[in-house]
There are 2 protein chains.
Amino acid sequence: MATIIDGRSLAKTINTQTSKRVAKLNQQGIHPGIAVVIAGDDSASLIYTRNKHKKAMKLGINSVLKKYPFNVSQDELLAEIDKLNKDDSIDAILVQQPMPPQIDSRIITNAISPEKDVDGLNPLNLGKLFANQNTNYPIACTPRGIMRMLEEYNVKLKGQNVVIIGRSILVGKPLLALLNNADATVTMAGRSTTNLSRLTQTADILIVAAGVPHLISAKDIKAGATVIDVGINRLSTGKLTGDVDFDSAKEKAGLITPVPGGVGPMTIATLMEQTVDLAQWRHHG
Amino acid sequence: MATIIDGRSLAKTINTQTSKRVAKLNQQGIHPGIAVVIAGDDSASLIYTRNKHKKAMKLGINSVLKKYPFNVSQDELLAEIDKLNKDDSIDAILVQQPMPPQIDSRIITNAISPEKDVDGLNPLNLGKLFANQNTNYPIACTPRGIMRMLEEYNVKLKGQNVVIIGRSILVGKPLLALLNNADATVTMAGRSTTNLSRLTQTADILIVAAGVPHLISAKDIKAGATVIDVGINRLSTGKLTGDVDFDSAKEKAGLITPVPGGVGPMTIATLMEQTVDLAQWRHHG
C-alpha cells in the first residue's frame with residue numbers, strides 16, 4: 001500500500017510562505033501582480049481562471065483579468081500583451097489555454113516578455129532550462145510543483161529511471177529538462193511509443209501526463225515506484241479522475257499522487273509562488 | 001555484418017550543394033561569411049579551426065579568424081562578439097571550445113546574436129528546438145548532421161526506441177529534442193545511469209557521445225540496431241577511435257558509423273550548410 005502524496009497540504013504550506021513573502025515585499029513598496037488573459041467562454045477555463053484570481057487575492061497578490069470575446073483578433077491580443085509587458089504593476093502574465101482557433105497560441109506566448117512569462121513557455125526560458133543555466137528564470141508551474149513534491153517526499157532522482165508519458169511544452173518537456181538536470185535517466189514516451197507497459201514497468205519514477213483516463217494501472221507499474229498523475233479527466237458522471245487507475249495502482253506503488261488533491265493544488269500554489277519570484281527578480285535582480 | 005554509414009561521401013554531397021548555393025547567392029550580391037573566435041594555442045582547436053577555415057574558403061564562404069591570446073579577458077571577447085553581431089558581412093559566429101578558464105563560455109555564447117548563432121547554443125534557439133517551432137533557427141551542427149545521416153539511410157524514427165549517451169548542450173540535448181520531435185521514444189543516459197548495458201540493448205537506435213573510448217561493444221547492442229558514434233578519442237598511439245568498439249559492434253549492428261569518416265565530416269559539412277542558411281534567412285527572411 002503506497003504512501004499517498006498530499007498535494008493539498010504541501011500547497012497550503014507553500015501558500016503560507018508566499019503570503020508572508022508578499023507582506024514583506026509590500027513593506028518595501030513592491031506589490032506583486034499577475035494578469036490573466038482569457039478569450040471566449042469555455043466554462044472550464046473560466047472556472048480555472050476564477051480560482052487563480054481568488055487564490056491570488058487571498059495571498060495579497062494583485063490580480064487582473066483581461067477577458068476577450070471568442071472572436072478576438074490576434075492583433076488585439078498582441079496589443080494587450082504588449083501593454084502588459086510595459087505595465088510596471090504587472091510581474092506575471094498568463095494566457096489561459098485553449099485560445100480560439102483563429103489565434104496562434106505560439107505567437108501570443110512568444111510575445112510575453114521572458115521576465116513576465118510565469119508559465120515558462122517563452123522559448124528563451126525553456127532553452128535556459130534545457131541548458132541548465134544557473135540564473136533566475138521562470139519554469140512551467142506544474143513541472144516545478146512536481147519537483148517540489150518529489151523533493152518534499154525525499155524521492156531520490158540521481159541515477160533513477162524516470163519515464164514521462166506526454167510531450168507537451170507545459171508539462172512533459174520542462175519535466176524532461178528538470179529531471180535530466182537532476183541526473184536521472186529519463187525516457188520520454190508519447191502516443192507513438194510501442195510496448196508502453198514494458199517501458200513503464202522499468203520506471204522508478206513514472207509521470208503520466210497523457211490526458212487518457214486510467215491509461216496506467218497496477219500491471220504497468222514497478223513495485224514500489226513513485227507514480228505522479230498529472231491527468232485531470234472529467235468522467236461522464238461528472239467525477240474527476242486521473243490518467244492512473246488510483247485504486248489498483250496504490251496497492252503496488254511506493255508513493256502516489258491522488259486526483260484530485262495531488263498535482264493540481266501544487267500547480268496553483270507554484271503559480272502564486274513564481275509570481276512573487278518574478279516580482280522579486282524584477283525589483284531586486 | 002552492418003552497413004557502414006559513409007559520412008565522408010554524404011558530406012561531399014552536401015558540400016557540393018552548399019557551394020552551388022553560395023554561387024547563386026553571390027549572383028544576388030550576398031556573400032555568406034563565418035567568423036571563428038579562438039583563444040589560446042590548444043593544438044587540437046587550432047587544427048579544427050584551420051580545417052573549418054579551409055573548407056569554408058573552398059566552398060566560397062568568407063571566413064575570418066579572430067585569434068586571441070590565452071590570457072584574453074571576458075570583456076575583450078564580449079566586445080569582439082558585439083562587433084561581429086553588428087558586422088553585416090558576418091552571418092555565422094562560432095566560438096571554438098574549450099575557452100581559457102577565466103572565460104565563462106555560457107556568457108560568451110549567450111552574447112552571440114541568435115540570428116548568427118551557427119552552433120545553436122543560444123538558449124533562445126535551443127528553446128525553439130525543444131518547443132518544435134516551425135520557423136527558421138539554427139540547430140547544433142553535429143545533431144543536425146546525424147539527423148541527415150539517419151534520413152539518408154532511411155532509418156525509421158517514429159515509435160523507435162532511441163538511447164542517447166551524453167547530455168552535452170552541443171550534442172546530446174539537441175539530439176534529444178530532434179528525436180522527440182520526430183516521435184521517437186528517447187532515453188537520455190549519462191554518467192549516473194545504472195545498468196547502462198541493459199538500457200542500450202533496448203535501443204533500436206543508439207547514439208554514443210560520452211567521450212569514453214570503446215564504452216560500447218557488441219554485447220551492449222541490440223542485433224540489427226543503428227549505432228551512431230560521436231566520440232573522437234585520440235589513443236596514446238596517436239590513432240583516432242570512437243566511443244564504440246567498431247570491430248565487434250559492426251558484426252551485430254544493422255547500420256553503424258565509423259570513426260573517423262562518420263559523424264565528423266558531417267559536422268563540418270553541416271556547419272557550412274548552416275552558415276549559408278543563416279545568410280539566406282538574414283537576407284530573405
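Note that Cβ sites are derived from N, Cα and C of the backbone, with glycine treated the same way.
Source: prediction; values computed, not measured.
Residues annotated as NADP(+) binding site in TrEMBL: B:G166, B:R167, B:S168, B:I232. The domain 'Tetrahydrofolate dehydrogenase/cyclohydrolase catalytic' annotation in TrEMBL covers B:5-119. Positions annotated as domain 'Tetrahydrofolate dehydrogenase/cyclohydrolase NAD(P)-binding' by TrEMBL: B:140-280.
Structural mapping of features recorded in TrEMBL.
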{"residue": "B:G166", "record": "NADP(+) binding site", "contacts (Cβ under 8 Å, 6+ apart)": "B:G172, B:A189, B:G190, B:V208, B:A209, B:A210, B:G211, B:V230"}
{"residue": "B:R167", "record": "NADP(+) binding site", "contacts (Cβ under 8 Å, 6+ apart)": "B:K173, B:M188, B:G190"}
{"residue": "B:S168", "record": "NADP(+) binding site", "contacts (Cβ under 8 Å, 6+ apart)": "B:A209"}
{"residue": "B:I232", "record": "NADP(+) binding site", "contacts (Cβ under 8 Å, 6+ apart)": "B:L240, B:G242, B:V259, B:P260, B:G264"}
Overall pLDDT for the domain 'Tetrahydrofolate dehydrogenase/cyclohydrolase catalytic' (B:5-119), taken as the rounded mean: 96
Members of the binding-site residues set B:G166, B:R167, B:S168, B:I232 whose C-beta sits under 8 angstroms from chain A: B:R167
Secondary-structure category, per DSSP, in which B:S168 (NADP(+) binding site) falls: coil
Pairwise Cα distance maximum in Å, NADP(+)-binding residues per record: B:G166, B:R167, B:S168, B:I232: 16
Residues of the domain 'Tetrahydrofolate dehydrogenase/cyclohydrolase catalytic' (B:5-119) by DSSP state, where helix covers H, G and I: 61 helix, 19 strand, 35 coil
Within the domain 'Tetrahydrofolate dehydrogenase/cyclohydrolase NAD(P)-binding' (B:140-280), residues counted as helix, strand or coil by DSSP: 52 helix, 26 strand, 63 coil
